[in-house]
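In TrEMBL this protein carries:
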type	residues	note
BINDING	E5, D25, I27, D28	Mg(2+) binding site
Amino acid sequence: SFIGEESVAAGQGSILTDNPTWIIDPIDGTTNFVHRFPFVAVSIGFVVNKKIEFGIVYSCVEDKMYTARKGKGAFCNGQKLQVSGQQDITKSLLVTELGSNRDPEAIKIILSNMERLLSIPIHG
């Protein structure tokens, strides 16, 4: 099976089944792309039985290839990545995306989530 982000965003439905499925977003960061903001990537995932097996993200402008495989770790240009040991959320940097859905109910949920996150004393 195949799920493309642009077709879903255009209103075509998609159902994730147990079948092997490619999930592809050829312009991940469409808003950035449209506004010539240089953070755009090609994102590809492969799912079997509704569980991710591997993913690849190519950050075009940075020329960085991120890869990850279930049980094998994550890499950037072949170099192993690891999460920080930071456990204090007040020392974290929060990055979020509002999305493109402007449906009033979706906006209400997004803003409610943002309010909860912003009540934590985080850096940004």
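Glycine residues also receive a Cβ, built from the backbone N, Cα and C atoms like all the rest.
Taking Cβ-Cβ distances under 8 Å and a sequence gap of 6 or more within the same chain, the neighbours of D28 (Mg(2+) binding site) are E5, V40, A41, V42, S43, V57.
If you count neighbouring Cβ atoms within 10 Å for each of the binding-site residues E5, D25, the highest count belongs to D25. In the shown protein chains, 16 other C-beta atoms lie within 10 A of the C-beta of I27 (Mg(2+) binding site).
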